[in-house]
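**Student:** This is the structure I have questions about; it appears just below.
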């Protein structure tokens, strides 16, 4: 572009002080020729459009051939800043329409040479390299003394034309557009990332996507390394962020049984249960494994929960001495029998155990004298008072149980109404539930009152074997320190329960369930 320039004056002296506004380095005039624009004149003279308009008292960008313009070159006030995003794209011009030159890592120090009208900065980085970045992703400014002479960088000639600048300004008004293209993560106060870390403990606000960006791993890899079936993570969860740590990150079955908050971590997100009384509020956290059907790969497969029996237990023995922490369910599981059989062998009427008790765990249940001459009312087969029935002491009349056909149908129908509703700790319904809140609510709709916690519900029911279990019975699970979960049995090995994925069907023998199954209870 050819222009006629006539030097008018040169400043006699320049006063430069730290933190002062830019000072005039020299002054000249140019005569506008056909085809000239303010933007082109500014580029040729090492200044900006705003400086030209201010020096010549222009209110628009319109100029005409023959017009004389005063041009002032400015000594830029250089500022040292650092990249506040995780990664920041450096472009060839001031706007997202320009090509990406490189990307700078968070914390990289740069020198701001100038600021454009759209908020973008021309920067110097590395060994004298220049480019443009969005100024909103620079922070920690340290102001240096102004340079004595103006620098016009060659890269400035690659700036877009004024019409493109206007387009860029519109885009900058939409933060999402810039965020997606130029800053991987825009947290200005993010702590330094340990790039050598192999695991990460989840904190409030963390997401799988944020961790993938932070550690440079894909979301798919993180989910694979941690056996996650969804992108849901929870505070305190230990996440492998490098493949080398994948085998060591399955949450351990760790039980903390101290009151008032008992928390167990096995292989899945937390399921918690709240107990409310009129005078106090006791919080009980129940943690389950991933609730999934038998056709789903569950995170529980990767967990190595501590086995219930101690390694020294002789499973061939016919008796067992009760130790601290034992339950009938755990003992039954150890010796391959059922709770009801152990109770029958030992004449137990409740599930309460005392440390030191010696229990029979194998043998034949003694026959019961079933002569009904003294108890004719137990005869359910005919009207002859001399007939015998089996086990008259056990009343199997299902009309006296909540599990009879009509009651069971009503209970299951009520449970099905809530399929898909959300889980919440302490949820009593009808919009959200925890496990025992769900069973309490469903039974209450049929006029049956249950205790509020799963442990209390287990204690209040009559225990039945799986072969005796009927739809409408309760099914209980123990993860190592007592009853921790309850669902409503619907038959065929299925239950409806409230767990961390909401109210849903689950296979009681499926992955993450079968190894923790204690047994069934009838209300």
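Here the Cβ of each residue, glycine as well, is placed from N, Cα and C on the backbone.
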**Student:** If you check Swiss-Prot, which stretch out of 103-145, 146-188, 189-231 is marked region 'Disordered'?
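**Tutor:** Result: 146-188 is the stretch Swiss-Prot calls region 'Disordered'.
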**Student:** Examine the ranges 31-72, 325-366, 367-408 and name the one recorded by Swiss-Prot as region 'Disordered'.
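**Tutor:** So the range that Swiss-Prot calls region 'Disordered' is 367-408.
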**Student:** With CB pairs under 8 Å as the measure, which of the listed stretches 28-71, 198-241, 318-361 comes out on top against the domain 'SH3b' (78-142)?
**Tutor:** 28-71
**Student:** DSSP-wise, what's the residue breakdown of the domain 'LysM 2' (198-241) into helix, strand and coil?
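**Tutor:** Secondary-structure breakdown of the domain 'LysM 2' (198-241): 15 helix, 6 strand, 23 coil.
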